[in-house]
Protein chains: 2
Amino acid sequence: MARTASLSGFPEWLPQERLVELHVLDTLRRVFELHGFSSIETRAVETVGQLLRKGEIDKEVYGLSRLQEDEEEARAAKGDHHALALHFDLTVPFARYVVENAGYLSFPFRRYQIQKVWRGERPQEGRAREFTQADIDVVGDGELPFRYDVEIALVIAEALSALPIPDFRLRINNRKLAEGFYRGIGLDDTAGVLRSIDKLEKIGAEKVAELLKSELGASDEQARLALSLATIRTEDTSFVDQVRALGVSHELLEEGLSELEQVIEAAVQRAPGKVLADLSIARGLDYYTGTVVETVLVGHDQLGSICSGGRYDALARKGNRTFPGVGLSIGVTRLVSRILSQELAAASRSVPTAVLVALNNDDSWTGAQDVAAQLRARGIATEVAAKAEKFGKQIKFADRRGIPFVWFTDDDGKHQVKDIRSGEQTDADPASWSPPAEDLNVRITTA
Amino acid sequence: MARTASLSGFPEWLPQERLVELHVLDTLRRVFELHGFSSIETRAVETVGQLLRKGEIDKEVYGLSRLQEDEEEARAAKGDHHALALHFDLTVPFARYVVENAGYLSFPFRRYQIQKVWRGERPQEGRAREFTQADIDVVGDGELPFRYDVEIALVIAEALSALPIPDFRLRINNRKLAEGFYRGIGLDDTAGVLRSIDKLEKIGAEKVAELLKSELGASDEQARLALSLATIRTEDTSFVDQVRALGVSHELLEEGLSELEQVIEAAVQRAPGKVLADLSIARGLDYYTGTVVETVLVGHDQLGSICSGGRYDALARKGNRTFPGVGLSIGVTRLVSRILSQELAAASRSVPTAVLVALNNDDSWTGAQDVAAQLRARGIATEVAAKAEKFGKQIKFADRRGIPFVWFTDDDGKHQVKDIRSGEQTDADPASWSPPAEDLNVRITTA
């Protein structure tokens, strides 16, 4: 793709590229609905107060103000918690939606949400300022069985498997496991340790060890053990023995080991080869309390995680009521950008149209519309030529737009259809003719 | 609906309401694609300079600024044409997209675009601050046959007819007709006359006549003629004779009469009863140059136009190149709000799920997943219970969520499925059982 976005960080697709994106979106929707997830959308804006709810925004947020507002209004809005801003993810808005509509929802509530989000960060490959996320979450009222952690991972594995993307791996860890382990070795600032461990891939083990010692006061042995844990990575449940071999014990560690074991056990069986236990996964500043997930495309490590998420003990609160949740978020734009830039998949044609009905003469437009209506009634996307140019020109028009078939009706009402790729022209009845199945709709083919 | 949006002007739907909206969006997409329109999306933001391109914004626009930016940055951004703002319609962004991508598109380019837009106006019934529009346009390179004006109106009539909404009327006029007429009677500030005529429904004929006289210097006779034209409304092409009876002649008037006649003639034949020639339609400040359209829901006049648009001689320009276009825009949120508030249609159930697979005991989860996978492979949306509660509780769970069928597998592997509405329970094979066709997917039924 030689094109670049006219506004850095705000990608736009050509029609044939959009067909690839639509295929991705349709596929995700189909899989999510087959698993009983309901669609919702939330408004694009939240109040600043809502976005600050968790005390800290580490994302660059776009605030909104009316262009016509005067300076006084503008000053008043600055720092106002009621001021509006664009959402930077779909989790915070979903939490608000659940609290606001709790009385109208039945729990556990399963929803998918596919929308754009905005972050004013410096754009780079795989990181846009406006991008689409596709989230699934299950949220309970008061409690949410752990089994949903297993299920969410399996649904995502199925959804990603249905996309025209390279092989992928869900790298799964568990916060209880990690926190229990750190407490077990005497490091109580577990959030601090997680933040350091999160930098492992970026800065390497040595520097992480230094951080642990300098910032968290860890001993050599504590740093060694924390790093040993983070290097454990298995395709089956053997991580359990590897953790035990480190000789650390803590109640929370046991709970986490058991949870992660359940996820990996089910995944090995139901999504073989797609899931890893990866004890380096920390998910930095995010407020997960159990299962945590990141996902890599095999051979595209530099792209970053294409699907992340995990379990929250309290996705939302309403008075004494807590709503625990577990969910994952697919970075649709990141995936589609990669599919397009590396030509991993392409649309079989660039327009939905399968048939162009040609015009014999200018008076034949009405008759041509009748033919088109008959074809459309049977699901065949059809255009009618706007001008009665020479047939050669009308065929060229179809060719230029990527329409495979041209329909002709002569003055005696005899119908013929031409496959302009092969040149083959045959008699046809508008009430019954159909294109070959592979030409009926646009298909997405992988390279 | 007792619920109100938590932020005025930013409607959000419950899952069962969202199903109605999805049905509307899916239906529009299907009709548009059957007519060969390609999907595109543009970024949600434009530069302020782009939005000001036509010299004046009569819409309230939301500007963007990073929350973290400092005061100096904020001051610099104020009035900066490179500053970002949310788009307020899909026409301005589409025009920019055409110019930027002209080298990659084949003309006439047919596109549909279904996206949210934002306007910071005072919210009221039928007018939100964030809402979804569904646009179709055909744009040519240099020229665009008039026939597309006819076609666009017919596609929209077909699309609206497929929605669960009350009967509607496309009210169509032609700017050439009106402008030619005004010039023919000696009123040369045609834009001024159009702006006054646009107020006809709001302030009445007498006040419009006053405006024409006081603001545009019209004589009594000129005002009378201009108003006479605006009262012409016919369901067929008889408007032509009624205009001629006013005894005005002008070249542009003739051109407009002929164009509008062609649209109405085709519509009478192909979309009988759906279209009116309505010579009061002016479309105020918008920069149309030929066909103009507004659409009312019969019996819902107060709602305002649910679909508007028309012909531009130059939708966009690039150097010497002009791109004429014709298009219409459906107010999806306005329609969906009305459908929901008046319960004109509803979803047959509130979740996509058709079947809940119950658990016999905690160990049966894996087997239950196998059953679910078999059903999903045949397109049946299926959930698996998360806990092996008593069957009565699991049935209640399905009932509460609106799931019609519950699947049971006993310890001997015998399968049964229960329709929890009728209570009927029958033997079933997960490899072949299907629900009745009407229960397979959520249906939208009209009241």
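Placement of Cβ uses the backbone N, Cα and C atoms for every residue, glycine included.
Per TrEMBL, the candidate among A:R66, A:R119, A:R122, A:R270 that belongs to the L-histidine site alongside A:D89, A:L90, A:T91, A:Q133, A:D137, A:R283, A:Y287, A:Y288 is A:R119. Of the binding-site residues A:T91, A:Q133, A:T91 has the largest number of other Cβ atoms within 10 Å of its own Cβ. Taking all protein chains in view, 17 other C-beta atoms sit within 10 angstroms of the C-beta of A:D89 (L-histidine binding site).
Across the domain 'Aminoacyl-transfer RNA synthetases class-II family profile' (A:108-352), mean pLDDT in this model comes to 94. Residue density at A:R283 (L-histidine binding site): 18 other Cβ atoms are found within 10 A of its Cβ, drawing on all protein chains shown. Non-local contacts of A:Y288 (L-histidine binding site) by the CB criterion (under 8 A, 6+ apart in sequence, same chain) comprise A:R175, A:G309, A:G310, A:R311, A:Y312. Reduced to three states, the DSSP call for A:Q133 (L-histidine binding site) is strand.
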